[in-house]
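Engineer: The structure's right below; bear with me while I get my questions together.
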Amino acid sequence: MKFSLALATLAASGFAAAQEEVNDVNINGTPEEDRAGIIGLTTNSTCKTVPGKMEMVNVMLDKDDHPDALQLLSRLGRALDDDGVFAIHDNPAWTVIQMNATEECIRVLDDMAEVSVVEKEAKVQSFLAQKTGAPWGLQRVSNEAGASGDPQGQSFTYSFEDEGLGAGVDVYVIDTGVRTSHVVFGGRAVEGFSFDGSAADGDGHGTHVAGTAAGNKFGIAQNANIIAVKVLGDDGSGSSSNTIAGMNWVINNHIKRKAQPGFVGSIMQMSWGLQTIAATVDQAIEGAIDQGIHVSVAAGNDGADACRISPSHLGGANSAVVTVGSINIKNAVSSFSNIGTCVDIFAPGEKILSAWNVGDEVINFLSGTSMATPMNSGVMATLMQADPANLGQNPAALKAKLLSMGRKDVISGNLAGSPNLLLSNGVDGQVAARRRRTVTGSPAAWAKDLVNNGIEPRFVINSTDSPVRHF
């Protein structure tokens, strides 16, 4: 059961002293005028704990009569430290006792003059929040029916319940760097580690990935922190030694961050892979997991078995790493996506629009499992923020939660042993049907049409077709 912070403070101080006073009260000595309307001046056995017959109730006291909650509990034969008494919430407006009670006890409480309302606990459902003008991938992960139409259009809707959207979570984008000044990051992106001393993203891949994971408008976890860890060069390639150096920095920084207020947890977002299995890279990742760091990796873009290379082979039943494959807007496995038993889940990875590196208001389309992976990282961040105690720094538990929420049996195409599981944020946002657009002509003509039909005017679209990234 949850206790409020205010209650915990009261119980540790003033309530303890008040309890001693209650123990010394002589009920029979209460003045007659103070007994008016009181039911059961002596202990009422009806409200004793009865295993299997108790329900959680909220007992609101009549504030006008200035009732003593502890004294009322005493008359019921209960005390604040009983297993079935969960909290007393007290403020100038009202006092509420939260406790377990039988049906008989509920009737006794309802007859007490000091009690304003007795009500059984009710389930609270949050209202769905939505953001329109989103890329198709955000609608796909937050809508049971999926998305349809032009994957390069922006007439889609991102639905979510918890508006925290990853607040307090650090997403380490281990990549080509990040253009931290881009407007979609809203000041939440910072430079961390760089293998060559320059934090600049000369390639664009890292900036695009960061925007999908946690950028405003185009990203999933729109309140998460983005930390650039540059281990790949301007041509999108790098070495295992640089990736290990970057992960070493992440682990040490994660340990420092754990002591800071508001910190929830860390994710290593890695949209890259080797051409073989590298034990040192694998052990570096496993060491990060041992420190409570979550790991999201790309399956790879060779249309082959993800189990043959690092780090994607760590997925599946092999570890707490989450390996991500790609689908298109029709829920079909992307032709380039690696597959097999080491893939844990699939996410949107074709024609994904996100931030670009050549300007603070420039955006671009890319395709690849590199684009699907930050979708997964973003959902992981939102789950961590929503349940920090259980998921913030427990990679195995978060992976289990993530996979349990996936949409089952909606993917078509060659899975080759991969689970038929599509990434979901746990929300089924009902979206109204929208008009489909057909655009012909050059990429520049299409880009102009897109700006006029949904993209904010400040954004500039890089209208050249971007190739699928292979590692």
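Using N, Cα and C of the backbone, Cβ positions are placed for all residues, glycine too.
Pulled the feature table from TrEMBL, pasting it below:
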SIGNAL    1-18  signal peptide
DOMAIN    166-403  domain 'Peptidase S8/S53'
ACT_SITE  Asp175  active site, charge relay system
ACT_SITE  His205  active site, charge relay system
ACT_SITE  Ser370  active site, charge relay system
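Show me how these features fit into the shown structure, please.
Structural biologist: Long-range Cβ proximity for Asp175 (active site, charge relay system), meaning a same-chain Cβ under 8 A and a gap of 6 or more residues, is found for Asp201, His205, Gly206, Val209, Ala210, Ala228, Val229, Lys230, Val231, Leu232, Gln269, Met270, Ser271, Trp272.
Over all protein chains present, the Cβ of His205 (active site, charge relay system) has 28 other Cβ atoms lying within 10 Å.
Counting every protein chain shown, 32 other Cβ atoms lie within 10 Å of the Cβ of Ser370 (active site, charge relay system).
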Engineer: Could you say whether, by DSSP, Ser370 (active site, charge relay system) belongs to a helix, a strand or a coil region?
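Structural biologist: In the DSSP reduction, Ser370 (active site, charge relay system) maps to helix.
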Engineer: Which secondary structure state does DSSP assign to His205 (active site, charge relay system), in the simple three-class scheme?
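Structural biologist: His205 (active site, charge relay system) sits in a helix per DSSP.
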